[in-house]
Amino acid sequence: MPVITFDYDDLKELGIDIDREKLLDVLPMMGSDIEDFDDESIKVEFFPNRPDLLSVEGVARSLRGFLGIEKGMPSYDVHDSGVEVTVDESVLDVRPYLGMAVIEDVQFTDKKLKQVMEFQEDLHWVIGRDRRKVAIGIHDLDRVEPPFLYSGVEPEGVTFTPLDSVCEMTPHEILEEHPKGVSYAHLLRDHDRYPLITDKNGDVLSMPPIINGELTKLTVNTRRILVDVTGTDDRAVRQTLNIICTSFAEAGGRIGSVRVKRPDGELHLPDLTPREMRVSVSEASRITGLELSADEVMDLLMKARMDARRTSDDEVVAVIPAYRVDILHEVDLVENIAVQHCIGRIEPELPDIATIAEEDTWSRADASIREVMVGLGFQEVMSLMLTSEESHYRRMRLEEDERVEVAQPISQDRTMIRKSLLNGLLEFFEDNKHEDLPQKIFEVGDVVYINPESETRSRVVTKLACAVTHSSAGFTEIKSLAAAVVENLGYEFRIEPLEHPSFIEGRCAAIESEGKSSAIGGFFGEVHPEVVTNFNLEYPVIALEIEFK
């Protein structure tokens, strides 16, 4: 999770005069962990659902509410900067969305510049999915001349000096030779045009999402900055821009809007229009265990730096500031109410319910499945439900499709919820290549599919998967294992030929069966040699996956 470091003096400059001991007590109550501290500074880890707390300005803003210094939604004036930027159609297939804003009257020190860079990189991880979804550029506005153009250029179409370099390079050379270009080349390599932001004179500000130009590098003398946010998700782009702008405004900066001319219309950004959400007083009381009135709910929401108004004795409308991108549901408001009341003051209680315990039906079935697999000589493994598109799709030779993505991943290896167990088993083989053969492993676990009709827009399915690797693993062996598994579970089954990208053509089969109370379906076969190679394995692999419907 993201960790930020700031001095106690930083908080004092932002209106928080608090002794160290009290600060160490208060911060965990706001949803953070204290990583380290000394006489001058503190290192704090915040949960990734609160990207607005990834800067010391955001922390101070929240602290002022928690401590009762200020209540209600902060007000930010946004004036028209007169700056325009045009989004050219040539960039729509690469990185179509752009947000831009001007911040004036900024004051930088060497320490502040470092904090800004750390803030930027934390947002790249938490919202930007390591720049794939969102990338940020911050520039010295006085070094360039508007209006600006966001367009796609050919790999050898222009030269400019990238940040912290002395030589001009083409976009292609940056991807091949510059350290940042090499690290993020995969984001652009499949495209024949690369995004570029240029000014009126053709000078290059940035090559999103790779690197800024040296021309607009921030210094302690910078007084006006231009913030650009590009990405593949318009909502995430606007949210990121709002968080950055309001953070600078907390430090005394003045926000100027930019006219963004897109092919589908014009808009002025940032848009700091708040949104409203209703919360039930009785529901908040039930969830928290507190006896709350509408007035108390309003007061607690205002401590959370929102505005609130009562519409009835049992309903309050919360007015949510644009930088609070974590508020998605009524229960999020209830969480904020509990935090502002101080979670540590809420007494835990045992539920006043008398029941006779009984083992869940699926738990009994789950135990039977494991017993069958162990009896067949398999060893159980447990992998994480979170995986990545690289492992789940590309290494398995699968086309990407609808999936549940992690909105604010803390690692590029954990960006989605799995839809299959097989790649996890192959990763286990990859990590245990040094062990003796044969290796026979299985896993029983949940996967998640998109389901627009459900309340959560998702559907949880339990699957069984097993895999075997040794020098002579083949279709006959996995067919026998599939039959043994299904028969021991009490099903009659039928087998039909199946083509599956992860398996060798002609050596994969679908399995369908009907039981007394449920149905199962799945497939098995010899894993494709390309998949075996993708996981750096040296011997054939056979695998089975069954879904319990």
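Sequential numbering from 1, following the chain as shown.
Quick reminder: no glycine exception, Cβ is built from N, Cα and C everywhere.
The domain 'B5' annotation in Swiss-Prot covers 272-348.
Positions annotated as Mg(2+) binding site by Swiss-Prot: Asp326, Asp332, Glu335, Asn336. Every protein chain shown contributes to the tally, and the Cβ of Asp332 (Mg(2+) binding site) ends up with 17 other Cβ atoms within 10 Å. Under DSSP, Asp332 (Mg(2+) binding site) is assigned to a helix (H, G or I) in the three-state scheme.
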Note the mean pLDDT of the domain 'B5' (272-348), expressed as a whole number.
93
Taking the Cβ of Glu335 (Mg(2+) binding site) as centre, how many other Cβ atoms lie within 10 Å?
20
With DSSP helix as H/G/I and strand as E/B, how many residues of the domain 'B5' (272-348) fall in helix, strand and coil?
33 helix, 18 strand, 26 coil
